[in-house]
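Worksheet for the structure shown next.
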């Protein structure tokens with residue numbers, strides 16, 4: 001049964017960026033009894049790991065924040081499930097639609113779906129709300145909804161107060177990314193949901209001089225082509241400043257602390273000269289952001305081997321597809337308001353891109369430059385209104401294609417051992433393997449003169465001389481020199497026996513005991529006496545037998 005969650009998911013001012021929303025242990029204690037469920041929800045969602053507190057304290061604080069948000073002492077399991085489903089549904093919505101739906105304070109998932117469906121029939125509703133937020137004005141209907149969400153009483157005078165609307169009512173909803181109007185839709189997103197690739201566009205904005213804007217017609221045409229010139233003239237200087245602030249908030253804020261780019265506004269009089277370039281940069285930035293790190297990796301990988309390059313390029317794709325710890329990817333507006341033209345992903349049609357993603361899944365059939373350019377990322381690459389940017393992009397793709405054709409197949413360049421023919425992923429692995437043929441060792445024990453290839457084996461061996469046992473059992477306190485011995489010992493306390501014989505169903509703690517037991521059923525005798533050729537199933541039986549050839553009596 002749906003529960004009314006208007007209070008729990010009502011619209012409140014969003015928190016700052018995720019990196020700024022950190023809470024210490026004292027902050028959590030102060031929020032023990034939160035009267036506002038929305039504040040508790042945002043405290044839980046924005047909570048970050050504190051290194052100084054440690055994992056146990058962090059988990060305790062996170063559990064407390066979760067209890068404050070979901071309130072299991074008040075809500076039933078069905079109500080808690082409804083809260084989580086509604087929260088996840090709102091999170092995956094596009095930023096513009098998400099903010100609008102949260103403004104309406106949906107009480108359940110079904111109500112949120114109804115609100116989203118209503119936008120399909122009347123997309124003007126969303127654009128009107130966006131324009132009102134940009135201009136800083138509210139009509140009485142919006143004020144009444146906001147007051148009801150907060151639980152305040154609506155004054156009669158507020159309902160009857162006339163409002164002069166300067167926002168055009170016939171703004172068309174544009175979905176083509178070649179139109180700069182799409183930049184407005186990105187301006188109302190939360191700062192934590194802004195995609196990092198937009199930072200490249202901010203670096204192209206020139207610093208704004210101290211002069212005031214004079215050519216209003218060019219400004220209106222460059223910022224929002226759907227805004228008619230006649231309507232742009234009716235906006236005063238303050239409203240135009242707020243219009244630009246929205247654009248700058250999208251492209252400038254998140255870059256100011258990283259790249260040192262100024263947040264100063266460019267001269268609005270020159271805005272028409274590069275208004276179209278903003279759109280081209282927005283489309284072109286995702287391509288360059290995906291390709292740039294992979295290009296640096298290729299320069300390093302050429303020094304080692306081509307196969308390592310393959311793995312690192314795949315890593316670049318994984319990182320670009322979904323950044324860790326961030327919100328789930330949001331759906332594009334075009335998925336709600338369909339287009340007649342087919343989408344293209346990295347130069348491929350939708351079926352071709354899906355076939356590549358569902359094939360090998362690793363991009364092994366692509367050249368490294370194709371993986372780095374986002375051919376499997378599903379990036380929405382469309383034609384830009386700037387001819388120079390389109391020509392530049394095509395030229396870069398052509399050069400990358402020529403470089404890729406000159407490369408030899410991957411399998412022919414894998415590092416291979418000349419002695420045994422074994423192949424490896426890295427040259428470093430091949431060098432280490434070759435020591436087994438040459439007998440070369442790097443680590444020598446000063447006490448017993450024993451040599452080792454690996455440093456980890458050398459450290460374990462030294463503990464036999466020093467008696468050091470750093471690994472302690474939590475149950476009985478017994479010490480062990482390595483973690484493998486500790487893991488085997490802990491199975492005695494837990495009763496875990498992961499190795500089970502499929503014939504007699506007998507279980508064993510250690511793999512070695514399980515392997516010895518299987519020889520009883522198979523009759524395998526791998527240990528052979530070098531004197532008489534007799535074979536044995538266990539090494540201990542072979543040792544006893546060899547003593548008979550040497551004339552020694554077995555130990556009692």
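Glycine is treated like the rest: Cβ placed from N, Cα and C.
As stated in Swiss-Prot, the feature zinc finger covers range 471-493 out of the listed 379-401, 471-493. On the 0 to 100 pLDDT scale, the zinc finger (499-521) averages 87 in the predicted structure. Long-range contacts of the zinc finger (527-549) within the same chain, counting only residues at least 6 positions beyond its ends with a Cβ under 8 Å from a Cβ of the stretch, are 516, 519-520. The residues of the zinc finger (443-465), classed with DSSP into helix (H, G, I), strand (E, B) and coil, number 11 helix, 4 strand, 8 coil.
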